[in-house]
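Peer 1: Features from TrEMBL:
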type	residues	note
DOMAIN	36-115	domain 'Inositol-tetrakisphosphate 1-kinase N-terminal'
BINDING	Lys45, Lys86, His182, Lys214, Asn311, Gly315	1D-myo-inositol 1,3,4-trisphosphate binding site
BINDING	Arg121, Lys171, 203-214, Ser229	ATP binding site
DOMAIN	137-331	domain 'Inositol 1,3,4-trisphosphate 5/6-kinase ATP-grasp'
BINDING	Asp294, Asp309	Mg(2+) 1 binding site
BINDING	Asp309, Asn311	Mg(2+) 2 binding site
Amino acid sequence: MRVEEEEDNMVPQGNEADGEMVLDTASSQHQEEKLVIGYALTSKKKQSFLQPKLEVLARKKGISFVSIDQDKPLSDQGPFDVVLHKLLGNEWHDVIQDYQQKHPEVTVLDPPGSIQRIYNRQSMLQGLADLNLAECDGMICVPKQMVVLQDTTSSANEVAKAGLKFPLVAKPLLVDGTAKSHQLFLAYDCLSLAKLEPPLVLQEFVNHGGVLFKVFVVGDVIRVVRRYSLPNVSNVEKEKVAGVFQFPRVSSAAASVDKTDLDPRVAELPPKPLLEGLVRELRSRLGLRLFNIDMIREHGSQDVFYVIDINYFPGYGKMPDYEQVFIDFFLGLAQAKHEKGLCVKSGIDM
């Protein structure tokens, strides 16, 4: 896997360029041929993703983006080479699933059944502890967690039974695209749980030096960006602090991590073999090509990492040079489709 380095305003660390690491197995040599991408996105996602630079680069490579009319049958529109979508709701789920069955020649990013799993925070992280990551220069863990479906006032006993220790990170169980579904709270005691609205997931807080690694995945490309996160919680603070506190979304933080603020051991990016192995396993298990992983390094450890969240089709606008990455990705899809067509015509089974 080829490793690239680019410059931006993130943290330099060793040979890592400014807090960003690029792992790219996608070929840069693609045939320039017409590619039609139908997209079904919310207005907010369209605005953040379809930036002028992306559209200019796309036109130069013969790629066109066509908005899908949700009021018309999808099969009557197009034809499309790729359908790019991020809409919620059972109705759209059924529409895109039916379309995928009727048009297997069209690449759907991504299959609705695969996306559904990570919209539920209970199923999102299931099985991660069983990943085959031997000889990957590190360990991947998942924080202890439990689900509260109703009546948070009586959940204190369940927390004790589950072996969870305070403070706990509380997150809404379902990711439904609303701002509310991304709200995060830190609960320091049992009484504070009663102030939270179920259904939710309670996740044991892991000290991680106040740094989170956002791992962006676009097909075979991996990019890692550092973000500020919650500071460590001391034992003294655990004993003296009570209540529940809401904290801002990491993805919306404007400030970048600065090298002067961090211990190098905290700022060091996860090992490349570990990231490659983790992404390879997740792509295979989830069946997704567009997602990001939120990772933290356990404080005091060099190679123990926790995956705390996975998001489908995240805010790629926060990933430096995302426009060129997606152009290469789309051209790679076109090339693969072209080669497959040639093989089918020649009788070669791929």
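The backbone N, Cα and C atoms fix where each Cβ goes, glycine too.
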Peer 1: Look at each of the binding-site residues, Asp294, Asp309, and point out the one with the fewest other Cβ atoms around it within 10 Å.
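Peer 2: Among the binding-site residues Asp294, Asp309, the sparsest Cβ neighbourhood within 10 Å belongs to Asp294.
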Peer 1: What is the one among the binding-site residues Gln203, Asn207, Ser229, Asn311 whose Cβ has the most other Cβ atoms less than or equal to 10 Å away?
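Peer 2: The residue with the most neighbouring Cβ atoms within 10 Å is Gln203.
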Peer 1: Given the binding-site residues His182, Lys214, Asp294, Asp309, Asn311, find the one whose Cα is closest in space to the Cα of Gln203 (ATP binding site).
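Peer 2: Going through His182, Lys214, Asp294, Asp309, Asn311 one by one, the Cα closest to that of Gln203 (ATP binding site) is Asp309.
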Peer 1: Calculate the distance in Å between the alpha carbons (Cα) of Asn311 (1D-myo-inositol 1,3,4-trisphosphate binding site) and Phe205 (ATP binding site), and round it to a whole number.
Peer 2: 19
Peer 1: DSSP on Asp309 (Mg(2+) 1 binding site), three-state: which is it?
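Peer 2: Asp309 (Mg(2+) 1 binding site) sits in a strand per DSSP.
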Peer 1: About how far apart, in whole Å, are the alpha carbons (Cα) of Gly315 (1D-myo-inositol 1,3,4-trisphosphate binding site) and Phe205 (ATP binding site)?
Peer 2: 25
Peer 1: If you pair up every Cα among Lys45, Lys86, His182, Lys214, Asn311, Gly315, the residues annotated as binding 1D-myo-inositol 1,3,4-trisphosphate, what's the maximum separation in angstrom, rounded to an integer?
Peer 2: 20
Peer 1: Could you give the Cα-Cα distance between Asp309 (Mg(2+) 1 binding site) and Gly209 (ATP binding site), in whole Å?
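Peer 2: Approximately 18 Å lies between the Cα of Asp309 (Mg(2+) 1 binding site) and that of Gly209 (ATP binding site).
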Peer 1: On a C-alpha basis, identify the one among Lys45, Lys86, His182, Asp294 that is nearest to Val211 (ATP binding site); the candidates are the binding-site residues.
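Peer 2: Comparing Cα positions, the candidate nearest Val211 (ATP binding site) turns out to be Asp294.
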Peer 1: Select the most exposed residue of Lys86, Arg121, His182, Lys214, where exposure means the fewest other Cβ atoms within 10 Å, treating these as the binding-site residues.
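Peer 2: So among Lys86, Arg121, His182, Lys214, the binding-site residues given, the one with the fewest Cβ atoms within 10 Å is His182.
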Peer 1: What counts of helix, strand and coil residues does DSSP assign across the domain 'Inositol-tetrakisphosphate 1-kinase N-terminal' (36-115)?
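Peer 2: Counting residues per DSSP class in the domain 'Inositol-tetrakisphosphate 1-kinase N-terminal' (36-115), I get 36 helix, 19 strand, 25 coil.
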Peer 1: Can you figure out which of Lys45, Lys86, Asp294 (the binding-site residues) comes closest in space to Asn207 (ATP binding site), comparing Cα atoms?
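Peer 2: Going through Lys45, Lys86, Asp294 one by one, the closest to Asn207 (ATP binding site) is Asp294.
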